[in-house]
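K.L.:
When I checked TrEMBL for this same protein, it listed these features:
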DOMAIN    126-446  domain 'Kinesin motor'
BINDING   G217, Q218, T219, G220, S221, G222, K223, T224  ATP binding site
REGION    446-465  region 'Disordered'
REGION    477-522  region 'Disordered'
Amino acid sequence: MPLSARIVRGLQDSGLELYAPRFAALSDADFLTMLMSDYARYGVVDVEDKQRLFRLLKALNEEVRNRSRGGGGQRAVTNELLDLDAHDGDLLAHACGPAMQLSPMQEVRAVAEAVEEPDTPADPPKIRVVVRKRPLNKKEKDKGEDDIVDANMQRAYVVVNEVKVKVDLTKYIDRHQFNFDDALDDSVSNEDVYNVTVKPLVHTLFANGKASCFAYGQTGSGKTYTMNPLPIRSAADIMQYLALPKYQHLNLYVSCFEIYGNKVFDLLNARKKLNILEDGKKRVVVVGLKEYNVASVEKLKSLINQGAGQRSTGSTGANADSSRSHSIMQFALKEGGEDGKLASKISFIDLAGSERGADTFDNDRQTRLEGAEINKSLLALKECIRALDSDARHVPFRGSKLTAVLRDSFVGATARTVMIANISPNSASVEHTLNTLRYADRVKELRKDKAQRDPGGVTPGEDPNYYAAVARADEEAEAVKKPSKPILRAGGGQRAGGPNKVTDSAANGGGRGSPGGSDEDEILSEHNKMLDTILEEEELLITAHRMHIEETMELVRSEMNLLTEVDQPGSAIDQYVNRLDKILKQKLEGVAMLQAKLERFKGHLQKEEMITTTMRPNKKR
Ligand code: ADP
Ligand code: MG
């Protein structure tokens, strides 16, 4: 179809009529979407003519767009110049693909208010800590490893029999006992685990409470084995409640995401990277997280499989990478539709392998940073749970991404948490097992204090011990924010005091003996600080980069306006020169600022690399 009369007239008006026959074979759409690089094909090589043609296309496209805005028709797009108006804020998404997300601020939706109701007598305690031992596996048996863990289910304690060697090479057993709310041995089924952990939380959910269930432990200790069946199993119970007339107004929504390093990915939406932002009320919102309405256990099963399939897996096998990420499945009960009021929520959290915090001196930087982030998040998590239990006013949610996004599962008088500490029974895992038990012990330690003081579990009244304990929790929370102690020093030294005297400066660090002199301590401390700085700066740099692009686009917009204006008859060239000068200066300043940030960041990366190199020979001691 030949060009329409409107376009032919446009060519004439622009003094381009001599090219008209060359365009004759084109349709209107082809003509309008022509790129500047195509001009030569139609004989338009003269610079002035190229500019004329460019301007004509721009004007025609604008006209088409205006018309289609009014009439809802198709948009014509010019590809040569980024047409900012046409793309609105989505331009970068078009230009750079889905990996790039722009202006997430605009997307923040306020989350529903937490609904708080008085406790009912049937409520589970605020925090329960349950330990689960897995059986020795074939590989461990083949290696002739011993089962060194005894779980006493009746009396709810575990004993770790650590084999030690004296100076004269005689062996002896160091016995470590830890008490928990429940101790589950390797004969216990997943159904039993459900009954003692999540089942009581379903009640919480229908009492408008928030609930969370964590699996903590080293890689291979059974976290995923333990966590995987829990959401589906609980859904069966939840559906029963939902079927009651009383709860007809509630709907179940499911979401699932993964925190890897300090990034968040939607596991039910092709691993889309999500942004975490604060809304107007300083609450953290995971922007754009996909939620599915689930009305049957079958539908939930398919979603869970989808989520599990999307979890990070590397070439070295599923556990290698999933052990470096926290995966979180959330069930929300809402009144009405997706945007309905949030009534309650339960989160199932399969934490990153607790030994990962000790990745700090691994060869590549990415692994080191991930290790530092995991360390930080597990420490912050412990402090949040402790603060929750003590009703402390200051809860250090901001300590990590993990705790920030779980904030709304912790707040409110009705929040309930179950921590499952998974442990391996084999002798080679003894350090990790002890570290896990110490961590779990610390989580519930504060409550134990309270129980001793106040057996009835009523309010502490004027008991000064209570307030001392709360203050201690707060202090430790502060210490998490500004780690002044070397994070890696968890291995040795602490064991002798027994579980209750442990002052763990970290959740992890297992396997590597305690570093020697204070020089080394200093280097470790410096390294930890550096990793923290890098993690923070990385985020700031990326945010600054995003903002820089937005500013650049704003400037390009001004430049385009400027060009349009200068083409108008009677435009003042002085004004054009001044404004262009200003725009170019602004551009240069923007680039210089971003570059300065980048250089500083690069400097810190280098410094971290240097510290690592200094430390590396010690690793293999
Ligand atoms: P993690 O998620 O902590 O890295 P997994 O859940 O993947 O560990 O468990 C490691 C291996 O041990 C898996 O093959 C799993 O099937 C097995 N396993 C874990 N716990 C148990 C258990 N209680 N009974 C039988 N096998 C288990
Ligand atoms: Mg796992």
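Cβ atoms are placed via backbone N, Cα and C, with glycine included.
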K.L.:
Suppose we screen the binding-site residues Q218, G220, T224 by Cβ distance to ligand 1 with a cut-off under 6 Å; which survive, in sequence order?
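P.N.:
G220, T224, by Cβ distance under 6 Å.
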K.L.:
Could you list, ordered by sequence, which of these binding-site residues: Q218, T219, G220, S221, K223, T224, have a Cβ under 6 Å from ligand 2?
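P.N.:
What lies within reach of ligand 2, judged by Cβ under 6 Å, is K223, T224.
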K.L.:
For the recorded ATP site, enumerate neighbouring residues of the same chain (Cβ within 8 Å of the Cβ centroid of G217, Q218, T219, G220, S221, G222, K223, T224, site residues themselves excluded), in sequence order.
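P.N.:
These residues sit around the ATP site: R134, A215, Y225, S323, G353, N422, S424.
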K.L.:
Per DSSP, K223 (ATP binding site) is which: helix, strand or coil?
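P.N.:
Note: K223 (ATP binding site) is helical by DSSP.
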K.L.:
With the cut-off set at 10 Å between Cβ atoms, which of these binding-site residues ends up with the most neighbours? Options: G217, G222.
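P.N.:
Of G217, G222, the one with the most crowded Cβ is G217.
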K.L.:
Considering the binding-site residues Q218, T219, T224, which residue's Cβ sits among the greatest number of other Cβ atoms within 10 Å?
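P.N.:
The residue with the most neighbouring Cβ atoms within 10 Å is Q218.
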K.L.:
Could you please provide the mean pLDDT value for the domain 'Kinesin motor' (126-446)?
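P.N.:
Within the domain 'Kinesin motor' (126-446), the model's average pLDDT equals 87.
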K.L.:
Would you mind checking how many other C-beta atoms are within 10 angstroms of the C-beta on G220 (ATP binding site)?
P.N.:
21
K.L.:
Under 8 Å Cβ to Cβ from K223 (ATP binding site), same chain, six or more residues apart: give me those in sequence order, or none if nothing qualifies.
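P.N.:
Within the chain, K223 (ATP binding site) has Cβ neighbours under 8 Å at A215, Y216, G217, D350, L351, G353, I420, N422.
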K.L.:
Return the residues near S221 (ATP binding site) by Cβ distance under 8 Å, restricted to its own chain and a separation of at least 6 in sequence.
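P.N.:
Listed in sequence order, they are R134, N422, I423, S424, S429, H432, T433, T436.
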K.L.:
Need the DSSP three-state call for G217 (ATP binding site) to compare against my parser.
P.N.:
coil
